[in-house]
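S.K.: Straight from TrEMBL, here's the annotation block:
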| type | residues | note |
| --- | --- | --- |
| COMPBIAS | 676-687 | compositional bias 'Pro residues' |
| REGION | 636-687 | region 'Disordered' |
| REPEAT | 544-577 | repeat 'TPR' |
| REPEAT | 578-611 | repeat 'TPR' |
| TRANSMEM | 9-27 | transmembrane segment |
| TRANSMEM | 39-58 | transmembrane segment |
| TRANSMEM | 70-89 | transmembrane segment |
| TRANSMEM | 101-119 | transmembrane segment |
| TRANSMEM | 126-148 | transmembrane segment |
| TRANSMEM | 168-189 | transmembrane segment |
| TRANSMEM | 201-220 | transmembrane segment |
| TRANSMEM | 284-311 | transmembrane segment |
| TRANSMEM | 323-344 | transmembrane segment |
| TRANSMEM | 350-368 | transmembrane segment |
| TRANSMEM | 395-417 | transmembrane segment |
Amino acid sequence: MKSSMLQKIGFAILIGTTFILPLFFLPITSEFYEYNKQYLLIISSTVLLLIWAVSSVLERKVRIIRNPFTLPLLAIVASWIVSTIAQTPNRTEALIDPGNTGTIVALCIYFFSSVDLVRTKKQLDLLLNTTLASFSLLSVLTILWNTGLMGKILPWAAFQNPLWSPSANPLSTFTLLIVLLPLLAVFIVKQKENSSKTLGLSIAALLFIVASGMIAYRVFRIPANRPIFLPQSTSWSIAMESLKISPLLGTGPGTYLMDFTRFRPVSYNLTQNWAVRFTSSSNFYLQTLATVGLLGLLAISFLVIKVASLLAKVAKSSSESALHIPALSSLISALLILVSMFFLPPTITAYFLLFTLMIVTVAALKLTGSSMVHEANIDIVAASESGVRTPILPWVFLVLSLALAIPGSIVFAKAYYAEILFQKALTAAAQNQGKNTYDLIYSAIRANNLKDSYRVAASQTNLLLANSAASKKDLTAEERNTITQLVQQAIREAKNAVTLNPTKVTNVENLAGIYQNLLNFAQGADEWSVASYRQAVLLDPTNPNLRISLGGIFYARKNYDEAIRLFQQAADLKPNYANAYYNMSAAYKEKKDYQNAYLAMQNVVNLIDKTTPDFLKAQGELEDLSKLIGAQTAVPSQPVKSELEAPKALPSPKVNPPLNLPSDLGPQVTTTPAPQASPAPTAVPAP
């Protein structure tokens with residue numbers, strides 16, 4: 001009786017999650033959509049796992065529904081976990097960030113905990129209808145926002161975009177609505193009578209078509225709305241280079257930014273979006289190959305083959321059972337989702353819909369009595385001297401479930417609380433509330449001290465506060481001490497971010513930028529900045545901007561030969577980059593090599609848009625150089641945007657005399673940016 005009640009509670013959670021998740025978002029974290037959907041999934045998965053474990057104890061046996069998806073899903077979750085443990089530098093982020101190991105584990109737990117909850121045809125119909133109702137409501141919201149009505153009713157800025165959707169990704173919404181249309185079509189065609197159910201399915205299909213059509217018009221017909229994706233050829237090159245590092249396990253879940261910066265081909269610099277750093281591949285399979293390796297790709301391929309082969313078997317079946325329709329239609333849509341992943345990186349909603357359709361398929365096959373799905377009761381029994389047999393396995397299962405659920409819940413709860421605090425810090429920063437921002441960021445770090453982005457934000461906050469304090473004239477000894485503390489904290493937090501994830505170029509670049517910004521505060525900061533930029537170049541070797549930043553420091557130190565060498569490297573990496581030649585010309589000019597300065601400036605004039613103010617600026621400087629070398633040039637005309645930025649001289653100290661900082665605040669330079677275990681960061685300073 002108690003077990004039956006738990007089954008009903010579990011089924012209610014399954015239905016509630018199915019309806020809510022595609023629509024769920026909360027504006028209380030720094031990312032409103034994917035992050036909160038993942039947490040809803042994790043909560044549901046944890047509760048369902050505990051219900052399964054307690055039910056096993058009450059029934060004195062562990063019930064497992066063996067089905068065609070069991071082995072593929074076990075292979076997937078095993079490959080992700082092993083790759084995370086062996087390869088990922090910051091394992092906590094791989095567990096917490098959406099779309100990585102935490103998502104995969106939660107989805108697999110959700111699947112195995114749910115397949116036995118659907119025990120009647122009525123429950124199966126309710127699960128399918130709930131799925132369609134959720135996406136029908138998503139379609140209605142999409143239509144309302146595309147017409148512009150809701151933007152006028154709701155005052156919040158986030159809701160003014162006509163492409164707004166609870167899924168946060170209009171292209172994902174479009175794809176999922178399209179892949180569900182065959183499911184609706186199969187149900188409508190197979191219905192034997194004209195019923196209210198047929199009418200409801202037809203209305204849902206109409207909503208899906210209208211909503212997807214509106215999204216397609218706005219996304220594909222209006223260039224400004226088109227999402228930016230990494231080219232497939234670049235994704236392929238990155239995946240192949242990643243395999244050379246670790247063919248079996250990849251570079252680790254959550255490390256695609258590292259793969260992109262280290263392995264993107266030089267030819268990428270000639271594309272329109274060359275300055276964009278991508279955190280995901282152009283499709284799911286190439287991302288899996290790069291980050292989880294051949295084992296991950298084989299596991300995913302195993303699942304794709306199982307779905308396709310099962311679809312072929314069900315399609316060939318001559319069964320007239322009403323349960324044949326849910327299995328057939330769900331498999332068609334599931335296969336289409338897997339195919340769509342060849343062209344798009346998936347969202348949490350896409351993952352969740354795929355697993356929901358697999359649950360529907362298994363439940364339908366089980367209810368038809370298919371030999372492909374059957375219940376297995378596993379037990380280990382301990383017999384006492386009196387002959388009493390006590391089942392052990394259910395208790396072992398319960399203990400293991402609690403061992404996973406309790407620590408996991410604590411970790412995820414603290415991480416979620418930290419995200420709430422971080423969002424408050426961002427709001428305070430937008431309102432120029434310096435102290436409040438500082439306090440909230442450090443509260444977030446105390447809640448989750450393994451998130452490198454919090455450390456980066458803390459370093460920037462400390463630097464801004466130090467700059468603000470140093471802007472005063474006639475600083476007192478106490479004020480100098482405060483500035484020194486803020487500067488030291490800025491450096492330490494930037495170094496903590498690098499410690500937490502040394503392979504993430506943005507962390508190293510932030511540290512270099514912190515040192516560079518301290519040139520007007522502290523002696524020796526330029527040397528530290530050079531060392532950090534060199535480390536960043538190792539992590540992002542084809543990025544011309546890093547060479548220009550590093551060359552700018554040498555230019556400011558009047559080491560023009562080294563500056564010219566770095567500016568030339570930037571130009572070699574991106575031959576059509578006007579700013580690289582502009583900086584090179586400035587360095588040659590300071591070196592009094594006017595001939596080469598003139599040649600470099602000629603490249604600027606040839607590359608730059610002749611309708612911008614920068615063209616007039618470059619043309620004027622070219623004329624000045626021609627006078628210096630006695631050459632003659634022609635003068636074109638006309639002008640709106642600036643892409644030329646000359647290297648800057650070292651700023652004069654804001655604080656006199658400059659601060660003397662401890663040598664341990666300098667960078668820890670590594671010559672090989674290989675992934676490694678993350679050492680614990682230093683303690684959080686008191687606010």
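Even glycines carry a Cβ here, placed using N, Cα and C.
TrEMBL does not curate its annotations; it predicts them automatically.
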S.K.: What residues in the same chain, six or more past the boundaries of the transmembrane segment (201-220), come closer than 8 Å to it by Cβ-Cβ distance?
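M.R.: Apart from its flanks, the transmembrane segment (201-220) reaches 132, 135-136, 138-140, 142-143, 146, 162-163, 170-171, 173-174, 177-178, 180-181, 184-185, 187-188, 191, 226-227.
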S.K.: Does the transmembrane segment (323-344) make contact with the transmembrane segment (101-119) through 3 or more Cβ pairs under 8 Å, each pair 6 or more apart in sequence?
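M.R.: Output no: the transmembrane segment (323-344) is apart from the transmembrane segment (101-119).
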S.K.: For the transmembrane segment (350-368), which recorded stretch in the set 101-119, 168-189, 395-417 gives the largest number of Cβ pairs separated by under 8 Å?
M.R.: 101-119
S.K.: Using DSSP, how many residues in the repeat 'TPR' (578-611) fall into helix, strand and coil?
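M.R.: Across the repeat 'TPR' (578-611), DSSP assigns the residues as follows: 27 helix, 0 strand, 7 coil.
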S.K.: May I ask whether the transmembrane segment (39-58) has at least three C-beta pairs under 8 Å with the transmembrane segment (395-417), counting pairs 6 or more apart in sequence?
M.R.: yes
S.K.: Who are the long-range neighbours of the transmembrane segment (70-89) in its own chain, taking Cβ under 8 Å and residues 6 or more past its ends?
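M.R.: Contacts with the transmembrane segment (70-89): 95, 100-101, 104-105, 108, 111-112, 246, 249-255, 291-293, 295-296, 298-300, 302-303, 306, 500-504, 675-678.
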S.K.: Tell me, please, if the transmembrane segment (126-148) and the transmembrane segment (9-27) are in contact, taking contact as 3+ Cβ pairs under 8 Å between residues separated by 6 or more positions?
M.R.: yes
S.K.: Checking distant contacts: for the transmembrane segment (101-119), what same-chain residues at least six beyond its ends satisfy Cβ-Cβ under 8 A?
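M.R.: Answer is 7, 10-11, 14, 17, 38, 41-42, 44-46, 48-49, 51-52, 63-65, 67, 69, 73-74, 76-77, 80-81, 83-84, 88, 94-95, 127, 253-254, 348, 351-352, 355, 358-360, 362-363, 366, 375, 412.
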